[in-house]
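The structure appears below as structure tokens.
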Ligand SMILES: N#Cc1c(-c2ccc3ccn(Cc4ccc(CN5CCCCC5)cc4)c3c2)n[nH]c1N
């Protein structure tokens, strides 16, 4: 998978060279390309924003640099591309969308700042490419970069060869059809600051352990995410 990240703060993406995503890049599973939007400006101050038509607070990102940026994206690779635009007004990002994006050959992330990107850029790109406007959640960030870090990590970990044990993806919270939150985890030492590991986990009785874990997961899901528990089924597993 090729990833192109376009931002006026390209250094925001340095963390992607670390850990799992960094390993996927080194292994050649991901081709990561970070671009500074200002390379497509031509004035002395590398201006990327201007005042909004119709008035209102803040500034809006000018369309010209983005237009030239997407022209360059096309010139750099013939891979069919999907444009991902983080925005507070976007489709909520979830595991299902992460799986959808993991199927694509190339993702181009357009990171806005200020009050966002001139709408004509979105309209123009929507006519030429698949474009998805995505929101990380119902809270306000200052730009799209943090959302891109989260989306890239969520997508890359789903790519074949990235996770050592792909079967573990099927048991995670929010995996398709698996709608329970994770059960609590424990490791050595068996007692820590007078807190012992639940006895059942030391029993070696795998059926009882599995049942205990399912009960803890259901209990936690009912408590924290009742919206995920289907009372008809009661076990939080999808149909
Ligand atoms: N993904 C994601 C996000 C983002 C996100 C993503 C991309 C950009 C680009 C710029 N910003 C800043 C910003 C912040 C608020 C508003 C809304 N206006 C506020 C003033 C009155 C009118 C409406 C617009 C632009 C961004 C924020 N925030 N939260 C998420 N889950």
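Yeah, the Cβs are placed from backbone N, Cα and C, and that goes for glycine too.
Noted in TrEMBL for the protein shown:
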type	residues	note
BINDING	112, 136, 137, 138, 139, 140, 141	S-adenosyl-L-methionine binding site
DOMAIN	1-230	domain 'tRNA methyltransferase TRMD/TRM10-type'
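Only 112, 137, 140, 141 of the binding-site residues listed as 112, 137, 138, 140, 141 bring a Cβ under 6 Å of any atom of ligand 1; the order follows the sequence. Within 10 Å of the C-beta of residue 136 (S-adenosyl-L-methionine binding site) we count 19 further C-beta atoms, all protein chains included.
Within the model, the domain 'tRNA methyltransferase TRMD/TRM10-type' (1-230) shows a mean pLDDT value of 96, rounded to a whole number. Among the binding-site residues 140, 141, the residue whose Cβ has the fewest other Cβ atoms within 10 Å is 140. Cβ neighbour counts within 10 Å, taken over all protein chains shown, single out 112 as the most crowded of the binding-site residues 112, 137.
For the S-adenosyl-L-methionine site listed in the record, the two most distant Cα atoms among 112, 136, 137, 138, 139, 140, 141 lie 17 Å apart. For the recorded site, residue 138 (S-adenosyl-L-methionine binding site), the DSSP three-state label reads coil.
Taking all protein chains in view, 7 other C-beta atoms sit within 10 angstroms of the C-beta of residue 139 (S-adenosyl-L-methionine binding site).
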